[in-house]
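Annotated features in TrEMBL:
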- 1-16: compositional bias 'Basic and acidic residues' (COMPBIAS)
- 25-56: domain 'ATPase AAA-type core' (DOMAIN)
- 81-116: domain 'AAA ATPase AAA+ lid' (DOMAIN)
- 216-279: domain 'ATPase AAA-type core' (DOMAIN)
- 334-381: domain 'AAA ATPase AAA+ lid' (DOMAIN)
- 1-21: region 'Disordered' (REGION)
Amino acid sequence: MDECHRLVKPTHENSESKSPYGTQGGYVLVIGATNRPHDIDPALRRPGRFAKEIVLGVPDEKARAQILSVLAKRPRLDDSFDLLKIARSTPGFVGADLESLGNEAGTLAMARITDERESKLSANFEDEELSEELWNESWPPEDLENLSITMADLEQFAWFKPPQQERDFSDIPDVKWENVGGLDLLRHEFDKYIIRTIKYPEEYEEFKVKLETEFLLYGPPGFGKTLRVKAVANEAGANFIHIKGPELLNKYVGESKLEVGRLFRHAGTFSPCRVFFDDNIIIDLLQLCVFIRSDVIDNALLRSGRFCKCLYVPLPSPGERGLILKALMKNYPVDLNAVGRMEACDNFSGADLAALANEAGIVAGADKTNCTRTIKMTHFELASTKRS
């Protein structure tokens, strides 16, 4: 039985007492399947009924590679095909999702091969009727041998997401390091402890390294902590879940604890995944967290084995402020070299610089003498004066 079936009241057609087989001995094995176990009546889940429950979770990277190796036996794959790379880039995919992805790639490969054949026939034969006649003929065996799906066909479906991931809130952020700028030392720490361990796990396995999975970022508001965490997840190709207080808090006793457990089970299905908590909630179990003040955190959370790394996010230096402004205004009509020489923004955080860039755009838009319709140094200086 699966979730498509439902319980009905006994009638003379389906009642066990009326059945001629009801009094006969025998061994009956009942197996149920559902994707909504919490909707099942608890009376059915007690010992003596469905006494044994087996959880079929979302496959991890190794399991996805095994599923792909089975699916790859049917279509013809190009020599460039890398099943391990596909397994790493499909977190959260189940077998049906991987099969659907392969079908989409096969459809695209067939369209590509058909277009190539049509183009080749049209080039070799000027007579349109002759070309049409050859097109309707069976493909020669040597052409059939060359039919294959390539990695390029599959990579065109990089946007493809399984239905489960469409419904949930896990995704790889679109923030890149170019959108952040500055703080190269902090970026180096992220690369060393997070990015490389996710992208190249085999380099650490031979040294029996226990990978650090809990990090705490702290620093004043507006310093770009959240933005940098998103850039780290993007660089590592990891999914990202941003948790705010109301998503976990519940007025009923014990419900918040259950919600935390559900959250981490969900994150595990999309491994590698970064779970990010902001400073609106303090709970017992954290993975990648940001706080404005580290001194208000219980020392038990800061010991080894909990938060392995505490990273301070400082104010950007003068040179880094220029890099941040360039990143913020790369799509603006502005002289980026002039932006890099901005000096009148001491003690500005990333949020302050973003507000400055927006204010400079407003000043430039209101400047009736601005014939070139670009943001100039004078507009920055005036905007800086207004914000100081």
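Note that Cβ sites are derived from N, Cα and C of the backbone, with glycine treated the same way.
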Exercise. How many helix, strand and coil residues does the domain 'ATPase AAA-type core' (25-56) contain under DSSP?
Worked result: 7 helix, 0 strand, 25 coil
Seminar exercise, completed: Restricted to the domain 'AAA ATPase AAA+ lid' (334-381), the mean pLDDT of the model is 73
For this session: Could you tell me how many residues in the domain 'AAA ATPase AAA+ lid' (81-116) are helical, how many are strand and how many are coil under DSSP?
Result: 28 helix, 0 strand, 8 coil
